[in-house]
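See structure below.
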Amino acid sequence: MTVVKPNLFDYDRQGLRDLFASIGEKPYRADQVMKWMYHRHVTDFGQMTDVGKALREKLSAHVDIVPPKTVFEKQSADGTHKWLLGMDGSNAIETVFIPETSRGTLCVSSQVGCGLNCQFCSTATQGFNRNLSAAEIIGQVWVAARHLGNVPHHQRKLTNVVMMGMGEPLLNFDNVVRAMSVMRDDLGFGLANKRVTLSTAGLVPMIDKLSEASDVSLAVSLHAPNDELRTELVPLNKKYPIAELLGACQRYVAKRPRASITFEYTMMKGINDKPELARQLVKLMRKVPSKVNLIPFNPFTGTRFERSEEEDIRNFQKILLDANVLTTVRRTRGDDIDAACGQLKGQVVDRTRRQAEFRRTLDEGQVDAA
Ligand code: SF4
């Protein structure tokens with residue numbers, strides 16, 4: 001029988017120290033190994049030269065350091081880099097790095113596929129297969145950091161992580177929180193709290209739970225300013241309507257002075273881009289410290305939606321800006337390698353029979369416990 005050894009990518013600093021204690025080793029030894037993993041991108045215990053030979057042999061016998069396998073990678077003309085990472089024999093997910101003048105942002109996935117069925121989302125068409133482990137989440141950052149030669153505190157090319165790839169991160173709570181802890185740990189990737197962003201479709205109880213467990217930035221996929229339209233685009237809204245969602249956002253920022261929530265709003269032609277809807281959005285944004293990120297829709301095969309006209313996006317933005325709502329328009333990146341937002345689409349074995357499963361979950365009120 002093959003014995004699967006613990007993968008050290010699955011542990012945050014405290015977890016690693018506890019694991020080392022269980023094999024009779026001091027906490028500082030765990031810290032040393034963590035630094036080799038995340039600052040020097042070393043996965044072979046034999047190369048950890050400041051760790052004694054006896055301990056290296058002991059570690060090799062008891063534990064492993066296994067990053068995700070890169071199945072395929074591609075760089076866009078604009079510098080955007082995409083990895084297709086194999087998560088097991090039959091599933092793959094995508095991770096995308098977007099370089100800009102003053103920062104480099106990595107978009108990370110939390111689940112293989114997604115069961116929330118947002119109508120405009122490419123990932124939703126794939127259904128849901130499973131949650132990613134903490135190792136598979138932090139492994140995405142590790143693969144990108146190694147490729148970039150990123151060294152925390154010295155040569156920092158990877159400055160921001162957004163949990164906005166495949167999946168609803170709050171439905172994989174423990175693994176996501178542990179992975180985000182490594183992202184922000186000085187012995188991990190050393191990112192400031194505000195540079196790690198979790199994006200949710202709006203799981204109200206889980207936003208409150210996140211507020212207790214972590215101090216990251218919060219983004220909400222809003223996409224519509226009233227319940228009728230939002231329920232059509234984001235079915236989760238039926239369970240957690242906008243008023244409840246904004247209540248959770250208010251509680252989140254109330255605990256964090258100077259924090260604001262980023263509301264993502266995908267612009268779809270003739271659907272949610274009318275001036276009247278911009279005026280409704282202004283009223284919502286008055287209720288919570290916020291900024292709005294308008295995302296031109298990225299069409300994908302089989303979708304019924306189209307990208308809003310450039311002029312309609314600008315008009316929509318102007319209405320918000322004129323009302324003093326900080327509003328940006330996301331520049332589309334990586335179009336030539338299908339890495340643009342909403343196109344994160346690895347290979348997913350759909351285990352959900354998505355529509356039926358989601359409706360059952362919603363009706364039974366289990367969404368926040370999935
Ligand atoms: S937008 Fe996010 S939450 Fe909605 S289906 Fe896509 S991946 Fe899931």
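We number each residue from 1, going along the chain as drawn.
Cβ from N, Cα, C; glycine included.
Curation does not apply to TrEMBL; its annotations are automatic.
Record note: TrEMBL gives Gly167, Glu168, Ser221, Leu222, His223, Asn298 as S-adenosyl-L-methionine-binding, and the candidate from Ser181, Ser199, Ser308 in that site is Ser199. When the binding-site residues Cys118, Cys121, Glu168, Leu222, His223 are checked against ligand 1, Cys118, Cys121, Glu168 have a Cβ within less than 6 Å of one of its atoms. Non-local contacts of His223 (S-adenosyl-L-methionine binding site) by the CB criterion (under 8 A, 6+ apart in sequence, same chain) comprise Cys118, Phe120, Arg230, Leu233, Val234, Glu264, Tyr265, Thr266, Asn272. Calculated from their C-alpha atoms, the gap between Ser199 (S-adenosyl-L-methionine binding site) and Cys121 ([4Fe-4S] cluster binding site) amounts to 14 Å. Spatially close to Gly167 (S-adenosyl-L-methionine binding site) yet at least six residues away along the chain are Ser109, Ser110, Gln111, Val112, Gly113, Cys114, Thr123, Phe128, Asn131, Leu132, judged by Cβ distances under 8 angstroms.
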